[in-house]
Amino acid sequence: MAFELALNALASSTHKDSSLNPVLNSAVQPLQTSLQNFPWIIGKEHLPFLLAAGIPTSGFGCNPHPHAVHKVIETFLLFNHWSFMATVQASVMFMKPSKFKKLASVNPNFSELVNYRLTAADSVRYPSTSTSLPKYEIVFMHDALMYFNPSQILDLFIQCPSLQRLHCSLVVPPESSFTDLSLHPNLYTYTISGNTLHYVPEGHHAGSYDQPLDAISWLKLNSIHSPHLNLSVSKLESWGPVHSLLITRGLPHLPSSEKQQVSFHIPNCLPLPEATFLHQPLRHRLVPTEVYDALFTYTRAVRTLRTSDPAGFVRTHSNKPQYSWVTSRAWDNLQTYALLNAPVRPVVLFDFFLSPLKKFQLFMSQHINSLVIKALPFLGLIPPLVKLTTLGFPIPSVSHFQILFFTMIGPSGQFILEAFPSMLHPAISYLESCGLVPRLPPPVAQQLQTMGILRKRSAFSLKTSLSTVKWPSWKITALISALPAALSVFLKTISPLSLQSLHDGYNAHLHPSPFNLSWSLETFHVQSPSPFLPLSLTPPSPSEEIALPPPIFRVPPPLPAQETPSPPAPALVPPTQPPQPQPWEEIISTFLSSLNASSHKPSPSSAPLESPSPIPESFEVLAEAPQHQRSINECGALNQLPLPVPSPLQNSTNPKPPFPSSDLLSDMSCTGPVVEFETIFPAEYHMSNGSFPTRLRGHPRSSAPFPQKHCLLTAVASQLSYTEHQLWEFLCDMLPDSLLTNSEVENFGLSTDHLTCLSYRLHFECIIHTSHSTIPYGIKKASTVIQISYIDGPPKHFKAFIKLAAAAPGSNPSKSNLVRAALRFKYNDAFLPFWDAHQHTISVPHAKNLISNMKNGFDGITSQLSGPSNKSPKMKLLELDATIDVSFPRKCDVIHIAGFPGCGKSHPIQKLLQTPAFRHFRLSVPTNELRSEWKRDLNLPESEVWRLCTWETALFKSSNILVVDEIYKLPRGYLDLILLADPSIQLVIMLGDPLQGEYHSSHPSSSNSRLESETTRLSKYIDCYCWWTYRCPKAVADLFGVKTFNSNEGFIRAVLSHPPNLPNLVNSIATANTMQSLGHHALTISSSQGMTYSDPVTVLLDRHSLLITPQTALVALTRSRSGIYFIGSMYTASGSAGTSYMFSCALTGLPVDMMSAFPLFHTLPLIHEPIRSRRHRLVAGHTPSLHVPPSNKWPHRLHLPPHIPTSHSKDVILAHGIVASNAPERRLTTLHLPPTRLPLHFDLESCNPSTVSTSSTSNSEVPFTHAFLGESFEELAAHFLPAHDPDLKEVTVGDQTSQQFPYLDQPYTLSCQPSSLLAASHKPASDPTLLIFSISKRLRFRASSSPYAFTPNDLILGHLLYTNWCKAFGRCPNSTIPFNPALFAECICLNEYAQLSSKTQATIVSNASRSDPDWRYTVVRIFAKSQHKVNDGSIFGSWKACQTLALMHDFVILTLGPVKKYQRIIDHYDRPNFIYTHCGKTPSELSAWSHSFLKGDAYICNDYTSFDQSQHGEAVIFESLKMHRVGIPRHLIDLHIYLKTNVSTQFGPLTCMRLTGEPGTYDDNTDYNLAVIFSQYVISDHPIMVSGDDSVICGHPPINPNWPAVEKLLHLRFKTEETSLPLFCGYYVGPTGCCRNPFALFAKLMISYDKGNLFETLPSYLYEFSIGHRLGDVVRLLFPDHLLKYYSACWDLFCRKCTASQKLILSFEPIPPSFFSKLASTSRWVSKVLFSDLPTKIRDMLISSSKLPSYHQDPRVQYLESELLTSFNHGRLSTN
């Protein structure tokens, strides 16, 4: 450690190299040895494993190997580990001879090689088979022990008496003892099947092999005992799955009281407890210890814990490569375990200051239950002891009790019978019963009492006596003794756990012990050895060797290999018998059974197959229909079972059916016929929603009861000034009773029909938000608009729509105006046949495939056309091909119109294209013939004919609407290619029929056919398939069972010769050319697709007709309105096997089986008539009182709604509030943070005490009033912008032109051109070239992905800048400040507050990807900043590169952000007063500082060109030294350096440069600028103003003598200016104060004036103007005289346009607070300058009303920083 510190101290000196020379010399030889022994390429992730295993690999190898780590381990085993153990001559078994020679060359003691061919693969490994066993005392067995069991090894020792030591290498995963999943998946994987383990090294499946599963038993043995011999087994070393074992002979067995243990290295993990009463495999409960500990602390440290937070925390770790061994089930178990146990806390008390009595009471209260339970069993010993020691219990009893002369207990007689003999007792009792005693004279009675014969009567008398009760029997005594023990058991069962048990259980379950892979070693007992080899070693004769087949072994033999063992030869298993085909009789029986079941007749399945039952009537009727008993599909296969055939009644003409019968006709509350609602209550309804049937109500208001399911009324009432019952009364006034009370209303609730009725009555428009789209209802363009949400359920429910900040994906699709217009378009009272537009994601590979084939001439003819070299079609294809190479996928709206041939797909679209909304269209068709049809139908003027293109020419034209006819006849990928070729396309309308033919390339080299068929890709966009035709005659339509509107009956005939003047459809191009040469009008069937002929067509049948698909045959049969002539070889349509099925059906008049001929047919959503209404009828009703039993402990927390607002808190299961404070919560809420970002927040509570801020009173003199010459703003603005061509300022690269000076459709009123042309405008949304053209100026790239390496100049210049920066602050460069954890904690709070408050919660939620763990934190996303920067440098300027912003990972912002704030607070104390930085200060403070410090009229101003890009590695060195000075922890400094040297973007890796958006951009730029200034000048007390790259120096300080040498090292380009009127941050500064630059302010006012938002921006610009205006007449001394007219023009505009309340700010009196209140209430936009000076209450009001843009420097954060400055003074920090 001391030597390392010394090297660090010498880092900047020349002595470091000499000091490191011995270190380098000592490393040369080991490095060379490592490269020589291990020359293979090793992944970085494997190097720590190999080094920890003691294998000296360098990682600099360059030879590839499929499993390099295993090769390194094997090499180390052989040439390092085994080589030192061969101390005497030794034998080697199962090794290639070449490898044995290398091993023997290292150690000559390897004398003998013994190999045995035991499998077929061994003949390649081993040239010969050994005929004897090893003969030396030491034997090395290479990678074969897993194929032998202990009894075989015992036999080897018995057969080789000289063998003493057997060294074996064993390849077996130790974790296979309890799981089938590897704990090192990057190193090896394996699977277990039965008793076989399949091992795959490093993903190299070609090198995988099988081995017995019980090979793991070798790692569980320490000895092998047998009656013949004892062997000892020892594990010498382990390298992951490779183990070195030693088996020795004859060691005595020493008995031991403890078993030996063996352990293996595995990842640091612990097992989660099993769920209660559930079995969970151990492998899926193993989780990393560090992740568990961090998650355990996290769930108890956060303020609020949501149900998703543990999963989000796990998400941040699950993708780390070091945790690849953890299974997904284990991660799931971990987050579930953490979530469910988060509320659990240990039940402990820490009372240290209790009195002894209180401690005793506390002890008894905690342990009374356990003490009683433990004491009760001892009470059972008392009854037996008492029975043994005593005869019984003496029990006192009352023998006589007399009260009030009445005897209660004892004898009631007067005579004492005991005084008389027993024989006289009856006589005495008789005398007493006769009443003798009362008759005795008193003297006699008294004498008898004295003698003890007669009892004395008294008022109270009590006599007692003792009686002994004997103990019960021993059985009863035993039962009594067992009662306390039983009571103890009972109390222990029902009593709660003791505190100690709770504490132990808490620690055992929530702090489980680490998992160690270890076990005890056992002894293996062998009764008799098994043969080591399953063959005889006697060499056979040559003849016998040739004649005999190779032996087949029953035992799996050992299989040594070169690198890894190979599997044994698999046993031959006879193939299983394939399933026999089902008998034909059984098929017929099954079919007849299905027919009987459909006709409700008994099934004939019980009848024997030999005598089938008669055909039922239903089958006979079916057989009479004109259908094929055997049909032929498109592949020529026979379908033995007939499929459903379309009904021939499709073309019967039926009138439009009336409204369905309902209760309306019998409803007595209404009158008149059943009509549509909009007929009775006419209005302009949305989407035909007023077309539901109803009748006119004839009775007064209905008395229908209020519905129970009234959620629709509740949703509407919440947004209107009516109650639910009032809305119901409106319905009762308008609708019949049958629409108010019916089964639908009672069971399901109210529908949108009722909503339409209410919308007419109250005249409102309703937007219903469903999970898929938004549907408008009610009156169009109504003044009142309400929003309702529709929940699909169950149960379905209406509720008031709440505009949520975040929504589920796809829940709020945005339909373009074009899509809405297409949905509304009607032709012939019918809508277009589609339901909605679809989002098509462009496939760049499809487009690339097509353009490559076109470029090479394989598809299309464009590449073969000639033209000028720079504008030839070939060159256009090459340019388009280059464009596709750099294109990215995007999405575009597509509408698919599909239907049967002749259904009228094109005609409605032609009418749509004639509407104004669709006039900017372009048509793409596959053939010129089809283009001619469109040209004739559209009848466009000559100037618009270019819009009608064939598919190739359409690629080079542009429009926002694309119509593609016969899309399936175009090459695959054409839609993707044309969308990439023209990014302006907003909507694509595709016309086509997937049942017709598709494109086939005629060139054999075309690879277009390898792509997925377009019928599969694009048919998913089909909403409706029009199952009718206007073209086909009835004869053709009946073939397909499709309805036709053609009144012509038509015909299908066979003729012998070509009818004259008719179109001829042929099968091939060659045939078409031949017929055309003979004078016939001929074309191929494929090229006729999309064409319509009024005359009959001729179809030529030849041998090619057998090859055409049913799709092409459908095209041929559906071209004519009249009929079809077949000519040629009629055999091809004879219906025989192998003939054309479609043409056979046409000639025989049999229906076409659509299911068999077209596999896609059953997936098409058929519609049988045009769409007349787009009305969406929704029904819902939800009763909130319904109780749904919860499924778990927190049902409402674990099931989130599809739309989650940012304030959603029902998923919070724990909320930890402030315990010891009554102050309000100052931390911002974190509920809305994504679960992956929340772990990055510390969420600390600030401990900074509040401070009292005081404001000083200005003692400045009263200013003099201004005196301006009159200047009209409008007149000056009219000639301010010179007339010019904005296009000349744009930049053009290739065929792309920038858009920084747009002037088309821009408003202007002041001059002849828009005022926005004054300066370049950066709008990435409308200028796709902005970022691309700016990359070369704003970004600097490093040559490769390797990290940036600091140069010596970087180190020298970085230290030099740091020294001069310290000089500016008056610091010692070598001094450091102790780190202050309390202040850093406050900076963490401040940084998190800034991150949570700088953007809205919805923005943070939408940017959840910024905390995605899959996003490497060294990758930043560069995007262009949208701004219109207007200053002296940009006004009248040309094209300007945009400012690039770097979007970094939240980890970087939240980790390094506190570091920069900590540095800012520390640096604030040392900064001299004469150095001004503008960060966190207002223009008022700038004016005050200028008035106090600036003097004279000599100033040096400086700005830099490309300041951010000019800071190289020296800036990183400089920043790291600044961080080190204030005591920033080393790991944070290293993180900063690592990020700066490894940053990469979507455009490539960047070199060291400043990125706008990285933490501390402004502070580091300001410090760099300040360090350069003090390097250039010798400054003593010259006032300096610094802000980023802008600076002003008051006076002329002398040049530093070292500056010429320093300047050569810098990469900066200075723009130094000496002036008397300096401009700083847009303000002219001077001794009198500061003033806003009138020139720039005038230009901004012009731009705002032309845009029409002057009244929104006027208050902010007025405030900026008032900063200088309030100085009085001296303001004229701050700016040049030629700017006075602009100042006067601004003054003129403010005087005329501002209100009286706004003009108060221009007075010299203090600004009243009411001014800011009025300003905030009337302003829609507030500039940064104005916002910084507003009071806190006004700022909060602006923030709450969303009038505040996201500023880079939040004044609220700066205010909190100022509080920290006053709370942590620098002197106290330095003394701690």
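The first residue you see is number 1, and the count goes up from there.
Keep in mind that glycine also has a Cβ here, set from the backbone N, Cα and C atoms.
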Of 595-615, 1183-1203, 1246-1266, the range Swiss-Prot labels region 'Disordered': 595-615
Given ranges 508-545, 546-583, 850-887, the stretch to which Swiss-Prot attaches the annotation region 'Disordered': 546-583
Integer mean pLDDT for the domain 'RdRp catalytic' (1497-1603): 92
Cβ-Cβ neighbours of HIS797 (active site, for protease activity) (radius 10 Å): 21
Assigned element (helix, strand, coil) containing HIS797 (active site, for protease activity), judged by DSSP: strand
For the domain '(+)RNA virus helicase C-terminal' (1027-1159), residues assigned helix / strand / coil by DSSP: 47 helix, 27 strand, 59 coil
Residue counts (helix, strand, coil, in that order) that DSSP gives for the domain 'RdRp catalytic' (1497-1603): 43 helix, 23 strand, 41 coil
C-alpha spacing of HIS797 (active site, for protease activity) relative to CYS711 (active site, for protease activity), in angstrom: 7
Local Cβ density at CYS711 (active site, for protease activity) - other Cβ atoms counted within 10 Å: 24
